[in-house]
Amino acid sequence: MARFLLRRLALGLLIMWLISLAVFALFFIAPNDVARTLAGRQATPETVALISARLGLDQPIWKQYLDFLGKALHGDLGYDYYHQVPVTEIMAQALPITLSLVVGGAIIWLVMGVFNGVVSAIRPRSVTDRSLTAFALFFYSMPTFFLGLLLLYFLYYQLTVAGYPIFPPGGYAPLSEGFGPWLQHMILPWFTLALVSAATYTRLTRASMLEVLGEDYVRTARAKGIRESRVITRHALRAALTPIVTQFGIDVGALVGGVVVTETVFSLPGLGKTSIDAINQQDLPVIIGIVLFASLAVVVANIVVDIFYAVLDPRVRLH
Amino acid sequence: MALLEVRDLRVAFNTPDGVLEAVRGLSFDVDRGSTLAIVGESGSGKSVATQTITGLTSGARVSGSARFDGTELIGASSEVLRTIRGARIGMIFQDPLSSLHPYYTVGWQIVEMIRAHDRSVSTAAARRRAADLLGVVGIPHARTRIDDYPHQFSGGMRQRVMIAMAMALDPVLLIADEPTTALDVTVQAQVLAVMRRLQEDFGTAIILITHDLGVVAEMSDEVVVMYAGSAMERAARRTLFYANHHPYSEGLLGSLPARGGARDRLTPILGVPPSLIGLPAGCPFAPRCPYAFARCWSETPPLRMVFDDPAHTSACWLTTVLGDRESLRAARVQRELDQPRASTPAPRVEVGP
């Protein structure tokens, strides 16, 4: 197990290094000369040269890369081009918002998806199964931004017009302002994120459960005289969870780097919206910072999934 | 009164191709402490029949009766069946690796079984009982191995774990569904020995489902030979091996390699078992039977007493005079040569040397 983990960690580091190379290359692939952009349209060549020197752009590329890597490893991702705010500070402000969105949304979609999937699998091809599948597919086929706008239209606009201003039109209220306002701001984004993803989990759980329910050890559990509810949960679901956990880890890892569409629809200034703004402004240090963080999240999520795999399935431990 | 009395059991499934009659009027008795072997090819309905009795088949149309110790099992509520399963009827299955849950230790699985039927037993007491049971079925170092997972045991040891679990609550009936099929021959003998010892110690009745006549010879008191969902012949073990009546039993025994005599060619039963969807009238074995005559194709023979032995019944129209068979065989061969039956699935008949 320890050797397995070390190998996974080494692989993760290698991937992160490759990503840092790719991300660094962004500086040079970008269409604009950074120093010239910053200096403004009427700058003299001297000003451009000065800015270039201050940003270290006059150094050889390998030195610039080592400099960039060294600073990044010390948690210094540079300053944004426009306001000279440290990138880490920008990200530190955006991250809690994205985390609020992802964690809440993930819990909702996991509970909904697994519950619906199990209910579907217990009575396959029944009316319940078919309606749950239809429900899942309905939201699965809907674009996220459209679902977000629908929720806003009915639950914010129509409710507010009718005199029940329960949900705000968007934006974020930090937890420091109280749990109530935070919850009010998060519920619609949560469900937008969750309803679209729950479909995947419903189908995944249903397929996984149907397979496991046909296993010999489930028949053994029934032959032992175990209550059916316990057969479903302790025996079947426990074994069916493995592929679900894998998918869940990867999905959450990918979303922690920013939930672009949902954050944009609900004007949540999380990592997703920050990165869109940075891309629009060609604010390279911010883009690079978020890309690095998002990659790190995916790499870490994959390692966590592997550890969880071994926790769930005792047969994995020996290898 | 027998411990288990099964009468005219019928199990049918709706399939896209039509109604599949998996069990067609099966009757048998199991006495306390005795072993009944149910023998037949794959798909003859032997597993479906026993799993239906214990309420493990879902989505089937079931009729008939199965009285277990005075309780009717067919049509009983799932709660009644649940309390009987495990506690009074233990079950073991063919593949012990896939039959044990891979994510739980064997001790956990046995403890779960004990506590599912009696909450008053503490987990610690159930664990002690589980360790004792593992020792009884011959697992070395039972006290430490109780915390191992199924994949850490060999095939034979896993089947011993299954037996220990099935016997945990001292059931009066053990249904062993092909318990040795997935095991090496040497391990088979050990597992059978464990089952026999437990039967002697606890007085458990056993229904042994198998297609291995060697296992039947080793274990059983009485034998039911099944074909296409119904019983072809019922007899005491010795009778079946040495004075069987039904041509299917004769064929089964004829396809066994004789011990030490490797020179004779095996005599296979020709043809394949019939489809159980829309089975025609008449004896289901007739298309493969070397002695079949006109009546076999039109009327289904009932089980009736043969050789004046009340414990010996056979579902065959043949008279008890064995000498008749040779002339019948010759007549059938002649008939096949004259006009091959178009409707039967290739009843190729080898003409003698």
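Going from the start of the chain as shown, residues are counted 1 onward.
Keep in mind that glycine also has a Cβ here, set from the backbone N, Cα and C atoms.
For reference, TrEMBL has these:
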type	residues	note
DOMAIN	A:95-309	domain 'ABC transmembrane type-1'
TRANSMEM	A:9-30	transmembrane segment
TRANSMEM	A:97-122	transmembrane segment
TRANSMEM	A:134-156	transmembrane segment
TRANSMEM	A:182-201	transmembrane segment
TRANSMEM	A:244-266	transmembrane segment
TRANSMEM	A:286-312	transmembrane segment
> Between the stretches A:9-30, A:97-122, A:134-156, A:286-312, which one has more Cβ pairs under 8 Å with the transmembrane segment (A:182-201) than any other?
Replying inline: A:97-122
> Most CB pairs under 8 Å with the transmembrane segment (A:134-156): which of A:9-30, A:97-122, A:244-266, A:286-312?
Replying inline: A:244-266
>> How about long-range neighbours of the transmembrane segment (A:286-312): same chain, 6 or more residues beyond its ends, C-beta under 8 Å?
In response: 1, 4-5, 8-9, 12, 15-16, 19-20, 23-24, 26-27, 72, 77-78, 80, 87-88, 90-91, 95, 238, 241-242, 245-246, 249-250, 252-254, 256-258, 271, 274-275, 278-279
